[in-house]
Amino acid sequence: MDAEPKRKFGVVVVGVGRAGSVRLRDLKDPRSAAFLNLIGFVSRRELGSLDEVRQISLEDALRSQEIDVAYICSESSSHEDYIRQFLQAGKHVLVEYPMTLSFAAAQELWELAAQKGRVLHEEHVELLMEEFEFLRREVLGKELLKGSLRFTASPLEEERFGFPAFSGISRLTWLVSLFGELSLISATLEERKEDQYMKMTVQLETQNKGLLSWIEEKGPGLKRNRYVNFQFTSGSLEEVPSVGVNKNIFLKDQDIFVQKLLDQVSAEDLAAEKKRIMHCLGLASDIQKLCHQKK
(Lines of atoms letter the chains of each structure in order from A and count residues from 1; the text may use other names and numbers.)
(Lines give C-alpha, C1' and ligand atoms only; values in the text may rest on other atoms or scores of the structure.)
Protein backbone atom coordinates (compact mmCIF):
# COMPACT_ATOMS: atom_id res chain seq x y z
CA MET A 1 0.00 0.00 0.00
CA ASP A 2 2.87 2.36 -0.77
CA ALA A 3 1.68 4.19 -3.87
CA GLU A 4 -1.38 6.38 -3.59
CA PRO A 5 -4.13 5.56 -6.09
CA LYS A 6 -4.89 8.12 -8.83
CA ARG A 7 -8.26 8.71 -7.18
CA LYS A 8 -9.31 7.97 -3.63
CA PHE A 9 -12.19 5.56 -2.99
CA GLY A 10 -15.29 7.43 -1.81
CA VAL A 11 -16.84 5.74 1.24
CA VAL A 12 -20.29 5.77 2.84
CA VAL A 13 -20.89 4.19 6.28
CA VAL A 14 -24.29 2.51 6.70
CA GLY A 15 -25.33 2.40 10.36
CA VAL A 16 -23.72 4.57 13.03
CA GLY A 17 -24.00 2.45 16.16
CA ARG A 18 -20.89 1.23 17.97
CA ALA A 19 -19.14 -0.35 14.96
CA GLY A 20 -20.22 2.42 12.58
CA SER A 21 -18.93 5.11 14.94
CA VAL A 22 -15.54 3.37 15.10
CA ARG A 23 -15.46 3.17 11.30
CA LEU A 24 -16.25 6.90 11.01
CA ARG A 25 -13.43 7.69 13.45
CA ASP A 26 -10.95 5.47 11.60
CA LEU A 27 -11.87 6.95 8.22
CA LYS A 28 -10.66 10.30 9.56
CA ASP A 29 -7.32 8.77 10.56
CA PRO A 30 -4.34 10.00 8.48
CA ARG A 31 -3.63 6.37 7.52
CA SER A 32 -7.02 6.24 5.78
CA ALA A 33 -6.71 9.58 3.99
CA ALA A 34 -4.21 8.28 1.43
CA PHE A 35 -6.72 5.85 -0.08
CA LEU A 36 -10.20 6.58 1.26
CA ASN A 37 -12.43 9.64 1.23
CA LEU A 38 -15.36 9.66 3.68
CA ILE A 39 -18.38 11.06 1.81
CA GLY A 40 -21.11 10.56 4.41
CA PHE A 41 -23.21 8.13 6.41
CA VAL A 42 -26.63 6.51 6.11
CA SER A 43 -28.88 6.09 9.15
CA ARG A 44 -32.56 5.38 9.74
CA ARG A 45 -32.43 8.09 12.41
CA GLU A 46 -32.56 11.74 11.34
CA LEU A 47 -29.19 12.99 12.56
CA GLY A 48 -28.25 15.62 9.96
CA SER A 49 -24.52 15.28 10.61
CA LEU A 50 -22.10 13.59 13.01
CA ASP A 51 -18.75 15.19 13.81
CA GLU A 52 -18.98 17.22 10.59
CA VAL A 53 -19.81 14.13 8.49
CA ARG A 54 -23.06 14.63 6.57
CA GLN A 55 -25.99 12.25 6.55
CA ILE A 56 -27.17 11.12 3.11
CA SER A 57 -30.14 9.01 2.05
CA LEU A 58 -29.71 5.37 1.05
CA GLU A 59 -31.03 6.20 -2.44
CA ASP A 60 -28.43 8.96 -2.90
CA ALA A 61 -25.64 6.69 -1.63
CA LEU A 62 -26.60 3.99 -4.13
CA ARG A 63 -26.79 6.49 -7.02
CA SER A 64 -23.78 8.66 -6.19
CA GLN A 65 -20.84 8.58 -8.60
CA GLU A 66 -18.70 9.90 -5.72
CA ILE A 67 -19.24 6.73 -3.67
CA ASP A 68 -17.22 3.61 -4.57
CA VAL A 69 -17.41 1.74 -1.26
CA ALA A 70 -20.06 0.97 1.38
CA TYR A 71 -19.22 -0.03 4.97
CA ILE A 72 -22.22 -2.01 6.28
CA CYS A 73 -22.32 -1.53 10.08
CA SER A 74 -26.05 -1.97 10.70
CA GLU A 75 -27.69 -4.77 12.70
CA SER A 76 -26.99 -8.25 11.29
CA SER A 77 -30.55 -8.88 10.11
CA SER A 78 -30.22 -6.05 7.54
CA HIS A 79 -26.76 -6.97 6.19
CA GLU A 80 -27.93 -9.19 3.34
CA ASP A 81 -30.27 -6.57 1.87
CA TYR A 82 -27.73 -3.74 2.10
CA ILE A 83 -24.91 -5.83 0.60
CA ARG A 84 -27.12 -6.85 -2.32
CA GLN A 85 -28.23 -3.26 -3.02
CA PHE A 86 -24.71 -1.82 -2.96
CA LEU A 87 -23.21 -4.62 -5.08
CA GLN A 88 -26.04 -4.21 -7.60
CA ALA A 89 -25.17 -0.49 -7.69
CA GLY A 90 -21.55 -1.38 -8.52
CA LYS A 91 -20.04 -0.52 -5.12
CA HIS A 92 -17.38 -2.45 -3.18
CA VAL A 93 -18.61 -3.66 0.23
CA LEU A 94 -17.03 -4.06 3.66
CA VAL A 95 -19.47 -5.67 6.12
CA GLU A 96 -19.24 -6.39 9.83
CA TYR A 97 -19.59 -10.12 10.64
CA PRO A 98 -21.73 -12.07 10.07
CA MET A 99 -22.22 -10.99 6.46
CA THR A 100 -25.57 -12.79 6.35
CA LEU A 101 -27.75 -14.96 8.59
CA SER A 102 -27.87 -17.80 6.07
CA PHE A 103 -25.30 -19.85 4.15
CA ALA A 104 -27.33 -19.76 0.91
CA ALA A 105 -27.62 -15.95 0.96
CA ALA A 106 -23.85 -15.61 1.48
CA GLN A 107 -23.20 -17.85 -1.54
CA GLU A 108 -25.50 -15.68 -3.68
CA LEU A 109 -23.73 -12.50 -2.57
CA TRP A 110 -20.24 -13.86 -3.33
CA GLU A 111 -21.51 -14.77 -6.81
CA LEU A 112 -22.98 -11.29 -7.26
CA ALA A 113 -19.70 -9.65 -6.16
CA ALA A 114 -17.76 -11.78 -8.67
CA GLN A 115 -20.28 -11.00 -11.43
CA LYS A 116 -19.99 -7.25 -10.72
CA GLY A 117 -16.20 -7.40 -10.30
CA ARG A 118 -16.41 -5.87 -6.83
CA VAL A 119 -14.69 -6.61 -3.50
CA LEU A 120 -16.86 -8.16 -0.77
CA HIS A 121 -15.01 -8.18 2.56
CA GLU A 122 -16.35 -9.61 5.82
CA GLU A 123 -14.71 -7.99 8.85
CA HIS A 124 -13.07 -10.33 11.36
CA VAL A 125 -11.32 -8.14 13.93
CA GLU A 126 -11.28 -11.07 16.37
CA LEU A 127 -8.44 -12.55 14.29
CA LEU A 128 -6.45 -9.33 14.82
CA MET A 129 -6.73 -9.42 18.62
CA GLU A 130 -3.71 -10.00 20.84
CA GLU A 131 -5.57 -12.85 22.58
CA PHE A 132 -5.97 -14.71 19.31
CA GLU A 133 -2.32 -14.17 18.39
CA PHE A 134 -1.35 -15.66 21.80
CA LEU A 135 -3.60 -18.69 21.22
CA ARG A 136 -2.30 -19.17 17.68
CA ARG A 137 1.29 -19.30 18.93
CA GLU A 138 0.37 -21.67 21.78
CA VAL A 139 -1.58 -24.06 19.54
CA LEU A 140 0.91 -24.15 16.66
CA GLY A 141 2.25 -27.66 16.02
CA LYS A 142 0.28 -29.26 18.88
CA GLU A 143 -2.27 -32.05 18.56
CA LEU A 144 -5.60 -31.38 20.25
CA LEU A 145 -7.21 -34.12 22.33
CA LYS A 146 -10.17 -32.08 23.53
CA GLY A 147 -11.02 -28.50 24.30
CA SER A 148 -13.70 -25.95 25.02
CA LEU A 149 -14.46 -22.31 24.31
CA ARG A 150 -17.22 -20.75 26.40
CA PHE A 151 -18.47 -17.22 25.90
CA THR A 152 -20.74 -15.35 28.31
CA ALA A 153 -22.47 -12.00 27.83
CA SER A 154 -25.65 -10.06 28.49
CA PRO A 155 -28.75 -10.86 26.38
CA LEU A 156 -28.86 -10.09 22.65
CA GLU A 157 -31.96 -9.71 20.49
CA GLU A 158 -32.09 -12.66 18.10
CA GLU A 159 -34.42 -10.80 15.71
CA ARG A 160 -31.74 -8.16 15.14
CA PHE A 161 -28.50 -10.10 15.53
CA GLY A 162 -29.43 -13.62 14.46
CA PHE A 163 -29.37 -17.10 15.97
CA PRO A 164 -26.54 -17.54 18.54
CA ALA A 165 -24.39 -19.53 16.10
CA PHE A 166 -24.41 -16.47 13.80
CA SER A 167 -24.17 -13.69 16.41
CA GLY A 168 -21.31 -15.68 17.99
CA ILE A 169 -19.58 -16.55 14.73
CA SER A 170 -16.36 -14.80 15.81
CA ARG A 171 -15.83 -17.54 18.42
CA LEU A 172 -16.44 -20.24 15.80
CA THR A 173 -13.97 -18.42 13.53
CA TRP A 174 -11.36 -18.61 16.30
CA LEU A 175 -11.82 -22.39 16.56
CA VAL A 176 -11.69 -22.95 12.80
CA SER A 177 -8.64 -20.66 12.43
CA LEU A 178 -6.85 -22.49 15.25
CA PHE A 179 -7.78 -26.11 14.48
CA GLY A 180 -8.86 -26.25 10.81
CA GLU A 181 -12.19 -27.28 9.36
CA LEU A 182 -14.57 -28.85 11.86
CA SER A 183 -17.38 -31.42 11.73
CA LEU A 184 -20.60 -30.90 13.66
CA ILE A 185 -21.46 -33.71 16.09
CA SER A 186 -24.33 -32.23 18.12
CA ALA A 187 -25.97 -28.94 19.09
CA THR A 188 -28.54 -28.03 21.73
CA LEU A 189 -30.22 -24.78 22.75
CA GLU A 190 -31.59 -24.15 26.23
CA GLU A 191 -33.84 -21.10 26.45
CA ARG A 192 -35.78 -19.37 29.21
CA LYS A 193 -37.27 -16.41 27.38
CA GLU A 194 -39.03 -15.06 30.45
CA ASP A 195 -35.58 -14.76 32.11
CA GLN A 196 -33.84 -13.55 28.90
CA TYR A 197 -31.51 -16.54 29.28
CA MET A 198 -30.11 -18.83 26.61
CA LYS A 199 -27.32 -21.40 26.40
CA MET A 200 -26.18 -22.99 23.15
CA THR A 201 -23.89 -26.01 23.45
CA VAL A 202 -22.17 -27.33 20.33
CA GLN A 203 -19.93 -30.39 20.01
CA LEU A 204 -17.43 -30.30 17.14
CA GLU A 205 -14.66 -32.57 15.89
CA THR A 206 -11.35 -31.69 14.23
CA GLN A 207 -10.04 -33.59 11.21
CA ASN A 208 -7.66 -35.39 13.62
CA LYS A 209 -10.60 -36.50 15.82
CA GLY A 210 -9.97 -33.92 18.55
CA LEU A 211 -13.18 -32.93 20.35
CA LEU A 212 -14.26 -29.33 20.86
CA SER A 213 -17.12 -27.85 22.86
CA TRP A 214 -18.37 -24.39 21.93
CA ILE A 215 -20.74 -22.75 24.39
CA GLU A 216 -22.55 -19.40 24.03
CA GLU A 217 -24.34 -18.37 27.23
CA LYS A 218 -26.26 -15.12 27.56
CA GLY A 219 -28.40 -13.70 30.32
CA PRO A 220 -28.86 -10.75 32.70
CA GLY A 221 -25.85 -10.31 34.98
CA LEU A 222 -23.50 -12.41 32.84
CA LYS A 223 -20.30 -10.49 32.15
CA ARG A 224 -18.72 -10.48 28.71
CA ASN A 225 -15.96 -13.06 28.95
CA ARG A 226 -14.23 -15.94 27.16
CA TYR A 227 -13.11 -19.13 28.87
CA VAL A 228 -10.79 -21.55 27.09
CA ASN A 229 -9.51 -25.01 27.99
CA PHE A 230 -7.47 -26.95 25.45
CA GLN A 231 -5.89 -30.33 26.24
CA PHE A 232 -3.06 -31.40 23.93
CA THR A 233 -0.97 -34.55 23.69
CA SER A 234 1.80 -32.30 25.07
CA GLY A 235 0.25 -30.27 27.90
CA SER A 236 -2.73 -27.98 28.26
CA LEU A 237 -3.85 -24.36 28.00
CA GLU A 238 -6.45 -23.24 30.52
CA GLU A 239 -6.58 -19.47 30.22
CA VAL A 240 -5.69 -16.58 27.96
CA PRO A 241 -3.57 -13.98 29.75
CA SER A 242 -4.85 -10.42 29.95
CA VAL A 243 -3.12 -8.61 27.12
CA GLY A 244 -4.52 -5.13 27.64
CA VAL A 245 -6.27 -3.04 25.01
CA ASN A 246 -6.43 -4.29 21.43
CA LYS A 247 -5.23 -1.21 19.56
CA ASN A 248 -6.53 -0.16 16.15
CA ILE A 249 -7.99 -3.54 15.21
CA PHE A 250 -10.71 -1.98 13.03
CA LEU A 251 -8.06 0.16 11.34
CA LYS A 252 -5.98 -2.98 10.69
CA ASP A 253 -9.05 -4.68 9.23
CA GLN A 254 -9.57 -1.64 7.00
CA ASP A 255 -5.95 -1.92 5.84
CA ILE A 256 -6.67 -5.49 4.68
CA PHE A 257 -9.76 -4.25 2.83
CA VAL A 258 -7.79 -1.48 1.11
CA GLN A 259 -5.19 -4.04 -0.02
CA LYS A 260 -8.07 -5.92 -1.69
CA LEU A 261 -9.31 -2.72 -3.35
CA LEU A 262 -5.80 -2.14 -4.71
CA ASP A 263 -5.59 -5.77 -5.93
CA GLN A 264 -2.66 -6.47 -3.59
CA VAL A 265 -4.02 -9.72 -2.07
CA SER A 266 -3.24 -12.97 -3.90
CA ALA A 267 -6.01 -15.08 -5.42
CA GLU A 268 -4.90 -17.95 -3.16
CA ASP A 269 -5.28 -15.86 0.01
CA LEU A 270 -8.69 -14.55 -1.11
CA ALA A 271 -9.88 -18.10 -1.86
CA ALA A 272 -8.63 -19.41 1.51
CA GLU A 273 -10.38 -16.58 3.37
CA LYS A 274 -13.65 -17.12 1.49
CA LYS A 275 -13.45 -20.88 2.16
CA ARG A 276 -13.04 -20.24 5.91
CA ILE A 277 -15.89 -17.71 6.00
CA MET A 278 -18.24 -20.06 4.13
CA HIS A 279 -17.22 -23.04 6.28
CA CYS A 280 -18.13 -21.06 9.42
CA LEU A 281 -21.43 -19.83 7.95
CA GLY A 282 -22.22 -23.39 6.84
CA LEU A 283 -21.57 -24.72 10.35
CA ALA A 284 -23.69 -21.92 11.86
CA SER A 285 -26.58 -22.82 9.52
CA ASP A 286 -26.29 -26.53 10.40
CA ILE A 287 -26.16 -25.73 14.13
CA GLN A 288 -29.31 -23.60 13.83
CA LYS A 289 -31.16 -26.39 11.97
CA LEU A 290 -30.11 -28.99 14.55
CA CYS A 291 -31.20 -26.85 17.49
CA HIS A 292 -34.57 -26.09 15.87
CA GLN A 293 -35.16 -29.78 15.10
CA LYS A 294 -34.82 -30.59 18.80
CA LYS A 295 -37.36 -27.99 19.93
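Cβ atoms are placed via backbone N, Cα and C, with glycine included.
A quick note: this is a predicted structure, and the numbers were derived from the prediction, not measured.
Now, the feature entries from Swiss-Prot:
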BINDING   R18, A19, S76, S77, S78, H79, Y97, S167  NAD(+) binding site
MOD_RES   S154  phosphoserine
MOD_RES   T173  phosphothreonine
MOD_RES   S177  phosphoserine
MOD_RES   K247  N6-acetyllysine
MOD_RES   K252  N6-acetyllysine
BINDING   H279, C280, C291, H292  Zn(2+) binding site
Fewest-neighbour residue among recorded positions, criterion Cβ within 10 Å, set R18, K252: R18
Most crowded position, judged by CB atoms within 10 A, among H79, K247, H279, H292 as recorded positions: H79
Distance, H279 (Zn(2+) binding site) to Y97 (NAD(+) binding site) (CA atoms, angstrom): 14
Longest CA-CA distance among R18, A19, S76, S77, S78, H79, Y97, S167, per record bound to NAD(+), angstrom: 16
Distance from T173 (phosphothreonine) back to S167 (NAD(+) binding site), taken between C-alpha atoms, in Å: 12
Collapsed DSSP category at Y97 (NAD(+) binding site): coil
Pairwise CA distance, T173 (phosphothreonine) versus R18 (NAD(+) binding site), rounded so that it is a whole Å: 21
